[in-house]
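Record features, source Swiss-Prot:
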type     : residues                                                                    : note
ACT_SITE : Asp314                                                                      : active site, proton acceptor
BINDING  : Lys22, Ser23, Arg27, Ser170, Ser171, Gln172, Ser198, Asp314, Asn337, Lys341 : 3-phosphoshikimate binding site
BINDING  : Lys22, Gly96, Arg124, Gln172, Arg345, Arg387, Lys412                        : phosphoenolpyruvate binding site
Amino acid sequence: MESLTLQPISKINGQINLPGSKSVSNRALLLAALASGTTKLTNLLDSDDIRHMLNALKALGVEYKLSANKTECEVTGLGRAFEPNEALELFLGNAGTAMRPLAAALCLGQGEFVLTGEPRMKERPIGHLVTALKAAGADVEYLENENYPPLKIKGTGLHGGTVEIDGSISSQFLTAFLMAAPLSTQETTIKIVGDLVSKPYIDITLDIMATFGVKIENQNYQTFVVPANQTYVAPGDFLVEGDASSASYFLAAAAIKGGEVKVTGIGKKSIQGDVQFADALAAMGTEIEWGDDYVIARKGELNAIDMDFNHIPDAAMTIATAALFAKGTTSIRNVYNWRVKETDRLAAMATELRKVGAVVEEGEDYITITPPASLQHASIDTYDDHRMAMCFSLVALSDTPVTINDPGCTSKTFPDYFDKLKELSC
C-alpha cells in the first residue's frame, strides 16, 4: 500500500482557491441532465464521485462537453426523464451523491437499470429511500441484501401522493426524493419521520432546484409539498461554489499553526451549511473574518468545545483532529450518521486518534477527545475514506511527523489536497 509521511510543518500561510463542492456538483449535473436547455457549469469538481455521475449520465444518453481541466461542463439537457434504449448497469463507486439521487431519478422514466458500486457502497443503507419510492409507485428490488445496493430499477414513473421518509440516518434520501418529485404525475407530499440530520444539505438541494425553475413548499422541514408535472429549466450559467467541507482543513491549519489562511469560493453568502465550521473554530478561539466569497482564519489560543454537530457532520471530523491542539476535552455530539458514511467514521476516528496518543471515548453517536502532552508518530489507516486522510494530515502541524496510508483516497473529492497543503506550508 502506498503511504505518505508528512514531516512537521513549521508555518502555515497563504490563500486557497477551493475546488468545487461535491454536493453541489452532482446535484447540478443531474438537474442539468433532466432540464430543458443547456447548462454551463463552471468550477465543477474534478474527482472520482463526479466522474461516476458523468459516466452514468453519458450511458443514459446525456450529451455534455467537458473542458480539458474537467472543471467546466456544458450539459445539453434532455428536458424529460431518462429513457435509454437498452438495459443498463451503472457502476457508481462509493458515491452516495450519485447512487441515491440516480436511484430516484431512474424511477421517473422508462428502462431497466442495475445500480451498483464498490464493496463499501453495498454496506451503505438505502432502504428508507427505496421504501418511499415504492410508496410513490416505483418498481425497485434489492439484488443482494435487503435495504442496501445493488438495486434493480424498472422505470415506471412516479405517481406522487403522500410518502414518509425517515430523516434520521441520511439527508441524501430526502434530497434524492425531492429532486425526482417535480416530475411525478401527481402532487407529492413528503412527511419527515424522526429528526432530520444534516439539514443544511437539504437547503443546498432546495436552492439548486429553485435555480432550475421548480417550486416546492417547505413546511418547517417537517413536510414538503411538490407540485406535479413540473419541468426543470436550464439556468444557462451555473457557478459551483467551492467545497466548504474541503475548506475546513485549511482553516483549521491556520487556527492550529497560523499565520493566516484565506479560502475563496465560499463565504457568508454560501448555500453550504459546512461554512458553519468556521463558527465552531471561532468558538474554540480562532479569529475568523468573513467576506461574501471568502473566509479568513488566524491563529488563536485553542480551547476545547462541547458541541452538537448534527448539522455539519462532514466538517465536524476536522474538529476531531483540531482537538488534538486544544486545551481540555472536546466533545463532538449527535453524529450517529458518521457510522454510515464512506466508513464507520466514529470507530475509525477513535482508533486513529488513539494511535497518536489521545484519550478517546467513543459512544453510539458521540466522541470525546483529550489531547496528549505531545503527539506520537503513527501510521494512520484511512479506510478508503478521503476525509480521514485529510483530517489526519493536520497532525503534522505538531512537532511530530505523521504517515498517511493510502493518501490517494483523497481523489474522491480533492485529488491534489496534499499539494495544496504543501503550498501553504512553504
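Just so you know, the numbers here start at 1 and follow the chain as drawn.
In case you wondered, yes, glycine gets a Cβ from its N, Cα and C as well.
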Validating a neighbour-count step here. Other CB atoms within 10 A of the CB of Arg124 (phosphoenolpyruvate binding site): how many?
21
Using Cβ atoms only, which residues of the same chain lie under 8 Å from Asn337 (3-phosphoshikimate binding site) while being at least 6 residues apart in sequence?
Ile169, Ser170, Val197, Ser198, Pro313
Hey, does DSSP put Ser171 (3-phosphoshikimate binding site) in a helix, a strand, or just coil?
helix
Given the binding-site residues Lys22, Arg27, Ser171, tell me which ones have a C-alpha lying within 10 Å of the C-alpha of Lys412 (phosphoenolpyruvate binding site).
Lys22
Identify, in sequence order, the residues in the chain of Arg345 (phosphoenolpyruvate binding site) that are 6 or more apart from it along the sequence and have a CB within less than 8 Å of its CB; answer 'none' if there are none.
Met317, Val335, Trp338, Arg339, Asp385, Arg387, Met388
Among Arg27, Lys412, all listed as binding-site residues, which has the most CB atoms within 10 Å of its CB?
Arg27
Fill in the CA-CA distance, Arg27 (3-phosphoshikimate binding site) to Gly96 (phosphoenolpyruvate binding site), as an integer in Å.
11
